[in-house]
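Written below as structure tokens is the structure these notes are about.
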Amino acid sequence: KDGYIIEHRGCKYSCFFGTNSWCNTECTLKKGSSGYCAWPACWCYGLPDNVKIFDSNNLKC
């Protein structure tokens, strides 16, 4: 699945322009195929179904 990865509180991983390699690393550490900085947060491709991603219906941050 594709989406914004979240940290333990349910907030998106924040990023800034130019941090594509950092986001890609974070995404691949979560077993995704790749990722990039879709400012203001990291967007990942190919994540396993068990990885939690941002849900706009559950705004905690």
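Just so you know, glycine gets a Cβ as well, placed from its N, Cα and C.
Helix, strand and coil content of the domain 'LCN-type CS-alpha/beta' (1-61), in residues and according to DSSP, is 10 helix, 17 strand, 34 coil. The annotation domain 'LCN-type CS-alpha/beta' is assigned in Swiss-Prot to 1-61 on the grounds of sequence analysis.
The 10 Å shell around the Cβ of Cys11 (disulfide bond) contains 14 further Cβ atoms across the protein chains shown. The feature disulfide bond is assigned by Swiss-Prot to Cys11-Cys61 (among others).
Per Swiss-Prot, disulfide bond is recorded for Cys15-Cys37 (among others), and the stated evidence type is sequence analysis. Sequence-distant contacts of Cys15 (disulfide bond), defined as residues of its own chain at least six apart whose C-beta falls under 8 angstroms from its C-beta, comprise Trp22, Cys23, Cys37, Trp39, Pro40, Ala41, Cys42.
Every protein chain shown contributes to the tally, and the Cβ of Cys23 (disulfide bond) ends up with 23 other Cβ atoms within 10 Å. Under the heading disulfide bond, Swiss-Prot lists Cys23-Cys42 (among others), citing sequence analysis as support.
Within 10 Å of the Cβ of Cys44 (disulfide bond) there are 26 other Cβ atoms, across all protein chains. Marked as disulfide bond by Swiss-Prot: Cys27-Cys44 (among others).
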Stretch-averaged pLDDT - the domain 'LCN-type CS-alpha/beta' (1-61): 93
